[in-house]
């Protein structure tokens, strides 16, 4: 069905395939969450996973990151199979993860939070470049990490993975619970990162936000990818999308 | 007055051991979520390693200060790799039972070979004698134990609170999954943390050997008080466990002077009072 079509989904940016996920299944304890996820991401693309709450989007990101203990199928990153790798080894291959809950550490100050993820390869952003993107952070370096506002915490969570040299970023709902002006700033940041060649896999509930940054979309429902289309096909697919997302 | 100062000094010495041991317990609890009942046995092993080094190898106290924590630390890391790591995510009770069992086995083995009486370990030549401070006579070795312990405690605090390695440790205490997803080998860090914690216990054991002799049950006697110290101070804080350790040693010393009958129970009375008022301990966070 849809899967065959997805494999040939048109690419907006015609880079090489960086991530290829095939028949990914995942479990939390006894509950079977992902029932065969198929999608791919090419170099330089922003790909967005859309879907309702509980559809399996976050679990998909966590499975790619190696955080979900029980998973099967195939996840190939840079042509290497990583389905069995531990999450620290996956990170070292150049995948960086920004979790939905942001994961700012309360026992670390802002500077320590920023410097926490180790550099996995050269080519990461310098502190100076990071402060150009997120000037607010520079003012708050010695504050406790969790004393920042929600927006600042989100920026810190994105900023710290830009230092590492990873070129493949997974952002889980970066706009959740933030004010429109901050959402806009995060949108600019993602566009900027894309223009600098980062590849981004985004999970979003906020479809309007996603449409401003994404090249391609996949729809996740009940632990499966049920559809996919590129940004240029968006208007033709609006009706379907409203049905999928129930908006 | 002389007697008061003498008791204060004894209190500071005991406080040094309390601080070194409760510091290790706090670090281990933070990272492994395990209440390490084997801590006293590992403290005892530190003293025995120093004893063996001197009597079998002719290796002196100064080398023992380095070698014993390393040997016991490695022993601890083997325990962690082979046994403790399988308890991750389980109830505290399992860790408590396992480490308590390990403590009994280790102590039993040493008692089998060395009985229950103390083996002598003499003060190194450089630290023999004493000095007259005017208001009291200070045995040099005892002054050394207090100052050296304080330095080690502060160095450990610095390592954890002010360095990048310490930032990994603090972050992994909060959210090990995410720290691992950043590319840090958290399981290896947990093993090293356990090694560090029990290494501190072994160091305290070496320091105590010339004062208290080397006995298989030396740790079993001490650890009960140390757990009361930890309960009073709270498990969450590094500085809290250092300060509580020294403070309770001093309080014990003062009690010995003013009301000797209560000197063995004062710590436990304080523990009950703290538990009534603030169950997480003076500096602790909720579990």
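Heads up, the Cβ atoms here are built off N, Cα and C, so glycines get one too.
In TrEMBL, annotation is done automatically, which means it is predicted and not curated.
Here TrEMBL flags B:6-27 (among others) as transmembrane segment.
Same-chain neighbours of the transmembrane segment (B:34-54): 17, 21, 24-25, 28, 60-61, 63-64, 67-69, 71-72, 75-76, 79, 84, 87, 92, 95-96, 99-100, 102-103, 106-107, 110, 114, 119, 121, 194, 197-198, 201-206, 208-209, 214-223, 226, counting only residues six or more beyond its ends whose CB sits under 8 Å from a CB of the stretch. Look at TrEMBL and you will find B:34-54 (among others) tagged as transmembrane segment.
Among residues of the same chain six or more beyond the transmembrane segment (B:60-79), those with a C-beta under 8 A of the stretch's C-beta atoms are 38, 42, 45-47, 49-50, 53-54, 102, 124, 191-192, 194-203, 205-207, 210. Under the heading transmembrane segment, TrEMBL lists B:60-79 (among others).
Sequence-distant neighbours of the transmembrane segment (B:91-110) (same chain, 6+ residues past either end, Cβ-Cβ under 8 Å): 32-42, 44-45, 48, 79, 83-84, 216-217, 219-220, 223. Residues annotated as transmembrane segment in TrEMBL: B:91-110 (among others).
Taken from TrEMBL, the feature transmembrane segment covers B:141-160 (among others).
The feature transmembrane segment is assigned by TrEMBL to B:190-211 (among others).
Per TrEMBL, transmembrane segment is recorded for B:223-251 (among others). Proximity of distant same-chain residues to the transmembrane segment (B:223-251), defined by a Cβ-Cβ separation under 8 Å and at least 6 residues beyond the stretch ends, is recorded for 8, 11-23, 25-27, 29-30, 37, 39-40, 43, 103, 150, 153-154, 156-157, 160-161, 266-268, 270-271, 274-275, 280-285, 287.
Among the features that TrEMBL reports, transmembrane segment is placed at B:258-277 (among others).
Remote same-chain partners of the transmembrane segment (B:190-211), defined as residues 6 or more beyond its termini with a Cβ less than 8 Å from a stretch Cβ, comprise 13, 16-17, 20-21, 23-25, 27-28, 31-32, 36, 38-40, 42-51, 61, 64-65, 68-77, 79-81, 84-85, 121-124, 141-142, 145, 148-149, 152, 156, 169, 172, 176, 218-219.
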